[in-house]
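Asker: Just passing along the structure, written as structure tokens.
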Amino acid sequence: MLIIQNSNKMFFLFILFFSTLISISSNSWLGCWIGLEINLLSFIPLMMTPNNLLNSEASLKYFLTQSIASINFLFAILLNLFLMKNFYFNNFFSIIINSAMLMKMGSIPFHFWFPNIMDGISWFNCFILMTWQKITPMILLSYYLNFNFLYFIMIFNVLIGAIGSFNQISIRKLMAFSSINNLGWMLSAMIISENLWLIYFIFYSIFSFIMCFLFYIINIFFINQLFFFNMNFLIKISIMINFLSLGGLPPFLGFFPKWLIINYLLNNNFIIISFTFIMSSLILLFVYIRIMYSSLMFFSFKLKWFKIFMKNNTLIYIYFFNFISLLGMIISTFFF
């Protein structure tokens, strides 16, 4: 799946991974900021491909948004240092730092760049943007949480993630809004405990990887390509299974981390938040099911000369992914 033609890309990928580790293991705010900057400067060459204008546009947008967020972050750190001389919890500064981190990860109300950029990059970069690029901002957010501020952010994240995915034609934008929706869940998990966040994040990364991998091997970017396409029926079924898993439908594995979070929220009387989360999940599932129904039920052209050739090992991967998604209920029952 790695679309890496040269050692150059490999080098930047390595720096991308390392910069995250620098950020989250740093013991000063300045170190965190440096890690974020290295991360930004190593992801931009990964996005750039010389023969695609969309990629260049996306990388420029990405650079602008991330650098603005970095400036805000640095500004808050330095201001706090000058005015307070130390880092006592302060409402104003915590909101600035939280906002910078939310902008970094493409959360509400700074989410407008996220679907736009997702729409212009390859599936592999989409996967990195949806998963790996969320780690640093999340960890830094957990150092300086402002719960009253994040309460509303979580609710709006899940709602806008669900409602924004309604009229999408591009699958990449759909995945972007799904990512925004999952950010709401991840923020609540982070407020509960970092271990729960880690569990949720790992599950979410697995499902994002599966979806991006499936769309990558059949080279699909728009929803109408799912309809009139002489596609292997197995692939359509596996896309459906993993879509439902990503939405969090109970028999699948994707429901398991959401179950943990809802369980905790209800035990601690966060009724409104859990109600909003569950309702937004229903909306997302409706969108996914509508796409998959059309894809599976529509009359699709079968052209005799149009064959999609897949090596056997990709089919094995797909079977494996489906097995993972369908294993959900068994694992959950073992757990509880």
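Using N, Cα and C of the backbone, Cβ positions are placed for all residues, glycine too.
Fair warning: this is a prediction, and the values are worked out from it, not measured in the lab.
Among the features that TrEMBL reports, transmembrane segment is placed at 12-36, 62-83, 95-114, 149-167, 174-192, 198-221, 233-250, 270-293, 314-335. If you look up TrEMBL, you'll see 26-283 marked as domain 'NADH:quinone oxidoreductase/Mrp antiporter transmembrane'.
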Asker: Under 8 Å, at least 3 Cβ pairs, sequence separation 6 or more: does that hold for the transmembrane segment (149-167) versus the transmembrane segment (270-293)?
Answerer: yes
Asker: When you check the transmembrane segment (270-293) against the transmembrane segment (95-114), do you get at least 3 Cβ pairs under 8 Å, counting only pairs 6 or more apart in sequence?
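Answerer: Output no: the transmembrane segment (270-293) is apart from the transmembrane segment (95-114).
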Asker: State the residues, same chain only, that lie 6 or more residues beyond the ends of the transmembrane segment (174-192) and have a CB under 8 A from a CB inside it; answer 'none' if no residue qualifies.
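Answerer: Hits for the transmembrane segment (174-192): 105-108, 111, 114-115, 118-119, 126, 130, 134, 138, 141-142, 145, 147, 150, 153-158, 160-162, 164-165, 168, 199-201, 204, 208, 211-212, 223, 246-247, 257-258, 261, 264-265, 273, 277, 280-281, 284, 287, 291.
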Asker: Suppose I define contact as three or more CB-CB distances under 8 A, residues 6 or more apart in sequence; do the transmembrane segment (314-335) and the transmembrane segment (95-114) meet it?
Answerer: no
